[in-house]
Every structure is written in structure tokens, then in C-alpha cells.
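Notes follow the structure.
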């Protein structure tokens, strides 16, 4: 799960007309002709450098570039989110110049200073995850990229500095943290509950920090919060075995509801259950067991096939006896999660179900005019908009929000499908998505979001470039065509790295 870096509703974001953001057609034509894995990997590198150069020219050291106006954004506290989020991708691409630029920047960050509210979740997955990943990669398989190892050590030092700034968030009666905090006053937003994903997507990064530093406090804080999610109460919080509610009371750790989904707000809790098992199957066997229960219950209770396209599979939501037939781009990580769990646990049923989910999410790309999927969609026959009946009859779904803000989840699951099956079709799906993003989102200085993926030219443009373009979209596309390496996802139990929800790979403990 990633919140948009802009807090306004998508309909109210800064828009420009398509004419102001036409793609660079010469590049588009060159990309479309790339056939070999090497040429495709190089095309992704070019896109990364294009976006990086625009960010450095117009927005550094701010958090985001506004890639149409060439303005800046500071949605992530002004610490240079795009730079930190780009580090692990630059390392994997072997770009020594950019890696060292980012290391020099990270050494200058003062994480104790910001004028804005801090999100514990977003700061953990982007900044802490990005620095820990850079450390693991540069101390290991990419150590040749940095001559001065003191720069690499700074990544771990700054990770600990950041965690020390954030850790007061866990100082609550239950240990369930506040998410929205003021690091200057040690205050919070007064929330009485925290979300499932926001609470349950800290444990990988904070545990890795403890394992690297030898200071167990960070792991203990995140794992204490996670324990409430692994052992939910009351019973109504777990309507199906392994599937739990969406909100947890900060005062006592009890769940406040039994609303179940894999959508944004819940998603990465389930993602991290199996990833913690991959990180260390001995220490986190319970996490793996809980993921299996959630996966089995999802297949049994949440799998949903659109009336007009029974060949497609999506995951519905559930609340108090009612099913919600709607989903999101965010949810499309689910295929990759089932594929990872299936290969690690040697469960062919999970692999097959994961591929079914991947096929469904691919169709949300395949059926739009741009070949890019929407922010949200539904398949409830009672709720089909009158102007989308043709789409619903043909595709089996209708679009609830046609925005695309450079999200990675569909490409992410295509990547997992490629790595775990070896079937070329999934690489082609990745490539097609990348070509279309280049065609419709590329600007003179970076990449912009789209207002309507099912309109000519993608509708208007959002004048914002999320940091996860660097961290996730371009990384997963590049990895799909890059040579094998120990940071690549592996079949079976051979993974040397595991990816956090921002696509930052950290070395497994086992």
C-alpha cells in the first residue's frame, strides 16, 4: 500500500491538458522496437536516468518533481524521498554515479527536523527500507560500486538515527503505534485506531535494523505490535481463518471491526506475513502459518469471478455477511504474494491461484485505451455505470477511478509470474506496460500520472511524479530483463533477498 504523495483526492490534483505533456515519440518508437533482453533492460535504464536527471535538475533535494511544471513537492517531509527511494534501483542497475550522488545526499539528512506530520508507515517503507536495502546491496553483491566504505556505513547509521526519531510512536498502552506523529513535540494526531497494513508493514524493516545493529529494541517494538495482528481479538475480528479486520484499537490492541480485504489499507499486512517467513523461516514460522491460513481462506471465500468474464479471478472484500465486488490497482500485488508463497512453500495450488489473479489484473491493463490499468474497478452487475456497459460486457469489469499515478503492483505481479514460471508471456506483459507508460506518461523531465486510462491520450495529466516510480515501477521492469543475480526473486527456497513493500530488497537472515 502507498498513499499518494498528494493528500488531495485524485479528482482535485493539479491537472494539465494532454497537449502540455505529449510523450517523446522518437523514444517511444525506439522502445517499441526493442526485442532482446539486453536492449529492453537498457531502455529501462534510459528511462530511469531520464527521470533522475529531471529530478536533479528541477527538484533535488525536495521529495518529488512535478514533471510538467518542473515544480517541486515535499509530501514526505522534505528529506529527499525520490533520492532515497531511487538508491536500490540505481544499485541494481549498476549506476555508480547516481549511487554515489544519493549516498552523498543521505549523509546530509537530518531526520530529526521537519515542519510536517510524519507517517510512520510511509517513512519506514521508503526511507528506512531504502537505506537498509542500499546497505545490504552495497555490503554484498554490489560492493564494487562504492570505493569509500564509510559512505556505506552511513546508510546504517542514518537508518538507526531515523528509527530512534520514530520509535516514540510505539509508546502507547498496547504497543500498537500511532501512524501520524509529530517528531518535534512527540505528539500524534489523536487517532484511536491504526490500520491493519499501516501497523503490519513495519516488522521487516525494523527487524532487519535490529539484526544489522545488534540492538534488539527495534525488532521488539514492531513485533509486539504485530503480535496483536497474529492473535486477533475478539473472535469477530477474524470472520475467516487468517483473514482479519481493518482497524486496531491503539489503547488495547483489540480489533475494532471485522472488515476483510486485500485492498489498500489491509494489503501489505498479508504481503509481509509470507515475506517475514522468507526472511527467516525459523524465527517467523508463525507468520508463514498465518499467511497460509489467509491464503486458503481467500481462495475459499474471497475469490470472485465476474458475471460477464467467468474466466477472470479477483479478490472480493467482505464485511458482516456482505461481499464487495470491487478492487484496486493496489490490490494487484496479490498475485505476486500467492506466487511467492506458493514457490517457497511448494504449494502448486497457491501458484495456480496467483497466476489466475495475475491474469485478472492483466485484463485491467489489456482492456483500456492506453493499455494501463485504472486506480480502482468493480464487477458488481448492480453497479455498472450507464456509460460503461460496453466495457463491462467485454471486459467483465467497469472503472471506478480511471487515474494512474505511476503505481507498480500489476507489473510487480507480472515480474513474480515470470521469475517463478519462466513463461515468456509474463515478460511481454511487463514490456507492454512499460512501453505504454513511456508513451502516455513521459514528459520532458520525467513521468506524470494520467487522469483517465480509458480516454484518448490518457485524459489529462497529474503534475506529480511519485517516488515509487524510481523504487518500484522501473525496478521491476528492469529486473524482468536483467541477468540473473542473487537479488532476483528465486524459485523455491533459494531467495537471498526479500523485497519490502516499496520494492527495496533486504538480505534474508537465514
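Backbone N, Cα and C atoms are what each Cβ position is placed from, and that goes for glycine too.
What you see is a predicted model, and the numbers here were worked out from it, not measured in a lab.
So that you can see what the record holds, here are the features copied from Swiss-Prot:
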SIGNAL    1-21  signal peptide
CARBOHYD  35  N-linked glycosylation site
CARBOHYD  95  N-linked glycosylation site
CARBOHYD  182  N-linked glycosylation site
CARBOHYD  249  N-linked glycosylation site
DISULFID  332-361  disulfide bond
CARBOHYD  366  N-linked glycosylation site
ACT_SITE  375  active site, proton donor
BINDING   501  Ca(2+) binding site
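Closest in space to residue 375 (active site, proton donor), of the glycosylation sites given as 182, 249, 366, is 366, taking the CA atom of each residue. Counting every protein chain shown, the Cβ of residue 366 (N-linked glycosylation site) has 14 other Cβ atoms within 10 Å. Working note on the recorded positions 95, 501: by count of other C-beta atoms within 10 Å of each C-beta, 501 ranks first.
According to its DSSP assignment, the residue listed as 'Ca(2+) binding site' is coil. Comparing residue 35 (N-linked glycosylation site) with residue 366 (N-linked glycosylation site), their Cα atoms are 20 Å apart once rounded.
By the criterion of other Cβ atoms within 10 Å of the residue's own Cβ, the least surrounded of the glycosylation sites 35, 182, 249 is 35.
The Cβ of residue 332 (disulfide bond) lies under 8 Å from the Cβ of 357, 361, 364, 373, 409, 410, 412, 413, each of which sits 6+ residues away along the same chain. DSSP assigns residue 366 (N-linked glycosylation site) to a helix in the three-state reduction. Annotation note: residue 332 (disulfide bond) sits in a helical segment as assigned by DSSP. For the pair residue 366 (N-linked glycosylation site) and residue 182 (N-linked glycosylation site), the C-alpha distance works out to 43 angstrom.
Taking the C-alpha atom of residue 95 (N-linked glycosylation site) as reference, the shortest distance to any of the recorded positions 182, 249, 501 belongs to 501. The recorded positions under consideration are 361, 375. Their Cβ neighbour counts within 10 Å are lowest for 375.
In the three-state DSSP scheme, residue 361 (disulfide bond) falls into the helix class.
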